[in-house]
Every structure is written in C-alpha cells, then in structure tokens.
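Per TrEMBL, these features apply:
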BINDING   A:Ala19, A:Gly20, A:Ile21, A:Gly22, A:Val23, A:Val24, A:Gly25, A:Gly26  NADP(+) binding site
BINDING   A:Lys116  NADPH binding site
BINDING   A:Glu201  L-homoserine binding site
ACT_SITE  A:Lys216  active site, proton donor
DOMAIN    A:360-435  domain 'ACT'
Protein chains: 2
Amino acid sequence: MSPHPAPTAPRPPLRVALAGIGVVGGGVVRLLETNRDLIARRAGRTIEIVAVSARDRHKDRGIDLSRYRWEDDMDALVAADDVDVVVEMIGGADGSALTLARHTLGAGKALVTANKAMIAHHGLDLARLAEETDTPLKYEAAVAGGIPVIKAIREGASANEIARVYGILNGTCNYILTQMERNGASFADALAAAQAEGYAEADPTFDVDGIDAAHKLSILAALCFGTRLDIGAVAADGIRGLIAADIREAEALGHRVRLIGMAERNGDGLYQHVQPCLVPADHPLAYVPGALNAVVTEGNFVGRLFFEGAGAGAGPTASAIVADIIDIARDEYGPAFAMPVDSLDAAPVADAGARIGKHYVRLIVEDRIGVLAEIAAAMRDAEVSIESFIQRGTDEEDGVVIVLVTHAGPARAIHAALAILAGSDHVVSTPMLMPILAL
Amino acid sequence: MSPHPAPTAPRPPLRVALAGIGVVGGGVVRLLETNRDLIARRAGRTIEIVAVSARDRHKDRGIDLSRYRWEDDMDALVAADDVDVVVEMIGGADGSALTLARHTLGAGKALVTANKAMIAHHGLDLARLAEETDTPLKYEAAVAGGIPVIKAIREGASANEIARVYGILNGTCNYILTQMERNGASFADALAAAQAEGYAEADPTFDVDGIDAAHKLSILAALCFGTRLDIGAVAADGIRGLIAADIREAEALGHRVRLIGMAERNGDGLYQHVQPCLVPADHPLAYVPGALNAVVTEGNFVGRLFFEGAGAGAGPTASAIVADIIDIARDEYGPAFAMPVDSLDAAPVADAGARIGKHYVRLIVEDRIGVLAEIAAAMRDAEVSIESFIQRGTDEEDGVVIVLVTHAGPARAIHAALAILAGSDHVVSTPMLMPILAL
C-alpha cells in the first residue's frame, strides 16, 4: 500500500542548491558537511550540495565553498539538471527571493525556505504554485527557528481542532525583556545591550515593533485553523512603550512581561495580535529566558502542548532547513499548509474589542489633585471594572506611575476609557495597555 | 518528482479497525467522530472506523459502537478486505497485542499502536516485519502521550547528532513528586492521593518503579542515536525510596526532584537510566507540574529543544494515535526507527560508573558520636569530594537526616563510598543517591 520504494532499492543522492550564503547559509553548509553520514542514514540517501549562489563570490564567509559549483545567476540553480532542491536564504518578502521561489516551484523543483516575510506575504501563491507542479514547498525555519513547530502543528497535532496558538516568536524582544527583568534596565539600555551582544540589529524595527513576530504568527494561524494566510489581518504592537516600572509591577502582580503573538478562533472570526502581555508565573511561557522562542497550542483532545528552543542563529535555523530537506529526501511531505490552498477558509477578522479578558493599564500622570478622580471617572464611564489600583508614590518617568488591573471584561471598554483619558492634560505619556494571559 | 497523487484526484477513505476499546480506544472513537470533517480536510481523505474488537462486547463503555462492525476475533480485523489500518490498544508486551501486531504487519496492513511495552520489547522485530511487507508501523502514543515527540525526534531534529535525550516520562511519578513538593507529604501519602485521584493504579509498580519510563526511554534512545532498541540495557530506579526531607533539601539547594529518564552517548557506549534526579531551578524540567510529561533533546546544531504536554489520558493518547493514522492517510511515513532496522547500531552499554557528575546523597543515621567521622572517612577512602554537608539536627524517619552534595566526579566513587557505609551499623536505612542534572 505504500508509495515508497522497497528498502533494498538504493536511492540516488538528493541534490541541493543553496541561494544566499550568509550566516544561515554558512550554517547549512557546515551542518550538511558535519552530519553528512548520519543524515544519509536517516534520509535513506545522501544529501549533496551541488551548487551555491550569492551576491558576492569573494566575500570571506569563513567556510570553504570551493568544492561546490558557484553560480552568479541564481536562476542557473533552477535551470540546472542536477539540482533537485533549491534552498532560499536570501531574505526579504519580495525581490530576488520571491523571483527565485517562483521560478523554482514553477520549474517543478522543491523549495525550502527560511523566509518568514516571503511566506507571510506570498505563502498562498507559492503554495498554489507548488500544488500545480506537485512539488514540495517547506518552511520549517521560518517560524521559531530550530523548534520543529510547523511539523508539530501540521502533523503532530493534526487530529485536533486548535482553539488558540500563541507564543514567544521573537528572540530579540525576549532577550530585551529578560534583561529588563534582571537588571531593572530601561528599554533603551536593554536594547543597546542586545545590540552590543548581537541579539538585535542596528535598526531593530522589525523585531521590537512586532513585525517579525507578526509574520510568524500569521503562518502559525493558517496552519492551526486551516485559514488563508492574511498578514494584513495581524495587529502588531511592539515593546518600545515598556518602561522599567512595567516589568517591576508585573512581577509584583505575580506575572512576567512577554511579547506574545496570539491567534485565536473567536466565533466565526480570527483574532491575530502581537503585543506585550502579562504572563502568569505558573504558565511555562513565563520561564522562557533570553533569546529563546516558545510556542503553545491548545487542541480539543491533546490539551496544551508547549515547545521551546532556539528561535534564531545559524545552527538552529540550519537544523530546521535540513530537516525539511530530509523530509523531501524521504518523500514525506504534503501540501504546504496541510491542505490544498483552495480548501483553506477565508476567516473574517474577529472583533478584537469583543475579546474578554483582564488587562494591565499603566499611566504616567502629573502629581496633582483631581487626577485620580479623573481616571476613576473614565473607567466608570467606560464601564471598566477595576480589580486593583497601584500608585506607589514615587516620581519617575517625569510623573507618577499608576497601574490598574481590570476585572475580565471586553477589550472595547478599556479602549474607550483610554480614549477618554487621551483628552486629559494630566496624563503625561501614552498609556501602556497589556492583556493578562488567561491560562 | 513526487510520489503523491495529483491533488485533484479524489482519494478513497482510509479504513481503520480498532482493537481494544478501553479508555484510550473510547478516546479514539470520540476523536474520529468529533473532528471527522477537520481530519478529512487535513488528511486529504476521510478516515473511517469500519470495525472494532475487544474482549467484552457487552461492557458499557459510554460510547455508541453500534454503527461499527463488531468482531469477537481480533484476527478478523486483519483478515477483512475493508481494513487498511489496525490500531492496537490492547496493551501488554506480549500476548494478544503482540500476536495481533505480527499478524497485521505480516498481512501488509498498517499498524498503529500506543503500546510502549510491546515496542520496547519487540519493536525491532515488528519494524523488520514492517520493512519486509513495506507497511507503516507507527507508535507516537507510546511515548509521552499527546506530545508529538517521536515525530519531533524522528523528523524535526533529524539533521542533528543528538548528544542526549532525557525527560519526565511518567506522569504518575511527576504527580506524586509535585504533591510531595506542595504538601510536604510522604511518598506513601502522596501515592495514596494519586490513587484516589485516578493518577495511579491500585498496583503502582509499573509507574513508581520506573518500568514504564524505562520502556519509553529505550524507544527514545533508539530513535535519537540510531541504535538497536535494548530494554534490557535500561537501568531503572523508582521513587519509592524518597522521603519528605529529600524534596525539602533539594528545594533548599535550589533544585527540584524529578524522575528523569536519561539516555546519553558516552564514548562508544550508550547510557540509559531512569532515576530520581535533582533538577536545577533554571532548567525547564523543574517547572513541569502534576501529571504532565516533558522531553528534552540536545542536538549538535539545534541546541536544546524542550517539549511539554499531557503524557497520558484518553484525549492526548487518542490525539497521538490519530496523528499517526493521518500520517498514513497522507502517505507521510517511513521506517519505524527512522532508518532500516539492519542499519541500527548495536551500541554497547556505557560504563555508568565512569559518568561524571555531581550527586546528592541522603543518609539516615543514628544520632551518636562517631557517625559523622565514619561518613567522612568513607567519602575520603572512596575519593569522593564533598561540596556541601547538611545535618539539620532534627530527628525524623527514626534517625538523623544527613545530606551531602558532591563535587563533580565519577559515579563509581560515590557508589564505592556507599558500599563502605552499607557495612556500618549506624546507617539506619538505604541511602538515597540522586544525580544532579547538569545544564
């Protein structure tokens, strides 16, 4: 009943071409060289790099590429008769990465990519192309680096209706947040430290504003819910607005601050939001340290699954890329989003305001008579029920820090209260609003 | 290049027979009924139960089986023309479960099983049979219940050389240990509570003596290291010897006690041991509560991966079983142990005494002059270097509790020291020896 060749039949090598040899590409070369024999045993055939291509042939990459054919033109990888799989590690949602991906799949060759931006923006088109040419399209490395979470959801949890998927999808932000936790550092100082350590880029926008996490979340949501990938429907708030007091007050409330990407089925709609959240101390996400990533799924039979590991870096990313290549070598693959593109649902965007939950609100206000009454009135008028109210009496951040925790209620109410307070002369800076993760 | 049928071709239903309808079997029926449409979308075809078989047709199972053909004789499931997959949920290493498994694979039908004892004892023979008939043999549910850890290792981490695999593989023991942690309960009281809650069987031997965890560990080791499954090579110490003071002293040392199954490549040999260990508070295994399971792998490129979820129960186990069935429906499967049986290595058993690490030793001694000197002399004579020594001065367990922590050294030395002390009249009960998990 199996489509697989009999185990005695020797299988020809799987021939791989690498496009884009940066940090990750170097990791893939090293991995395929270091673990060559082991991989051949597991894949049932050898996996051979036959050609490489990148922009600058003469750049020192710290690895010996001389044994592989060099192509200045990436399209030559697609055209070559001796290439079965093209690995795209160029990056960027569009441009030459997308062109190469389209040409590869169009030519009926397998594509492996680590490119979350490209998958988030063009994943459906690429998956359709892969279906038309009956070709594998694999992207394990695009989400949560070395954690095999695409496989865990697509296959491991495939029997379950998933209620929600969420996690720590950006290691840079988690590194910054755990630095703020440990040292009481400001966001700016923690970011500078992360940049010095190589955990954050000179321009950190993609990471700290939640864009990178949004790309990954949109991919997870499509897989979990069988919905059409829709990056435009993902709301993203980053961590720039956090101050040291937020981390401290969260801790005092028995929580930790994490940048959480959350996708949830909400009636007929789909809620997708990346934002800083308060995570209870008895939730495993509260213990994810440094630059690690972690993903949680909640299935109707399996319950909660939790996966943690390195979300970036040459080794972990190469591990995910080569796992995809091994799947292809074994002929163990199927539709990129677990089912044909045409059978994915177009879920409407959920009404985020209707979402029920507890919230953390931090305000910085002027230290004068009447401010407290103003805040209390805004909450009352917006029908926000307050569980706790903390004013420590210290003056920092050019004002007094006030922290509210609401009872569970619709997000819309708290937004309305903040809209009222936005008109106040006494609220010094933009309030910080964080959902409190429900277990 | 794909062996898969074109996506437009409708595929016939995959027809499943269930053997053994207990708690897990009931879960599989409920899952396949509840998530039927979702599973059909993901699998690309419907999955249909066509027949069921169990010992007692008239037992009340709380589910309606009347729509499925009943077979009193399990072999009729194998013989039936309309059965593609047999799901074995009978249990037990041998007997009717093994007979059914052999007949199923011998007849060229796919076998899905949750039976860790059978896989641990007969996995290689069954895998060889599956190869001969080119038939899937899948057993995701046999290890760590709902956590897709077989898939994560076999496929997700397949690019890595794995240095070690370890984890919490028995939910009953973890439940008991976390009860002892929370309440300061004795082992006997915590076991009684676990039995009352349904987390432990009336005869808890398989769980609390580490036998169940040993079965699972042997399977993980074979997958991680490409070695021949060898249940006889797994040492197993359970948790019966733990007293409340062990949990308390571990906590005071910044650790938690967990029953850890650990398999490690050690030179040419393979170390496999299930035993209570001290887990540092900054290791994720220290935060695995209640009846959950968790598995850690350490790969040479991906680094540390951590997987947590429900290790038992109808829903999680059914989730793993049906994931296997979906893989078969998708034609995404390969050799049971990731490579053909004949290419698995026969790794020798590692010299456990040569293993270097820190140890926790707890003694109960008579409260009299000279005992301390006797212990100190035994450690000196065995060349065990002591990092800390704690005697709280309280009299409990009919003696004085003394806790030693050693510096890192070979396990053989500490065993030698305990052998010397075994001859002492002043050591009241069997010492408790626990490795301290290195990060």
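Indices start at 1 and increase along the chain as displayed.
A Cβ is built for glycine as well, from the same backbone N, Cα and C atoms used for every other residue.
Unlike curated entries, TrEMBL annotations are predicted automatically.
Each residue in the domain 'ACT' (A:360-435) has a pLDDT score, and their mean in this model is 92. The DSSP secondary structure for A:Ala19 (NADP(+) binding site) is strand. Note: the domain 'ACT' (A:360-435) comprises 23 helix, 32 strand, 21 coil (DSSP; helix = H, G, I, strand = E, B). Taking CA atoms as the reference points, A:Val24 (NADP(+) binding site) and the residue listed as 'NADPH binding site' are 14 Å apart. Using a 10 Å Cα-Cα cut-off around A:Lys216 (active site, proton donor), the binding-site residues A:Ala19, A:Gly20, A:Val23, A:Gly26, A:Lys116, A:Glu201 reduce to A:Lys116.
Cβ neighbour count for A:Gly22 (NADP(+) binding site) (all protein chains, 10 Å cutoff from its Cβ): 15. Each of the binding-site residues A:Ala19, A:Ile21, A:Val23, A:Val24 was scored by other CB atoms within 10 A of its CB, and the lowest score goes to A:Val23. In three-state terms derived from DSSP, A:Lys116 (NADPH binding site) belongs to a helical segment. Counting only same-chain residues six or more apart in sequence, the Cβ atoms lying under 8 angstroms from the Cβ of A:Gly20 (NADP(+) binding site) belong to A:Ser53, A:Ala54, A:Glu88, A:Met89, A:Ile90, A:Gly91, A:Ala97.
Counting in whole angstrom, A:Ile21 (NADP(+) binding site) lies 19 from A:Glu201 (L-homoserine binding site) by their C-alpha atoms. Taking every protein chain shown into account, A:Gly25, A:Gly26 are the binding-site residues, and of these the Cβ with the most other Cβ atoms within 10 Å belongs to A:Gly25.
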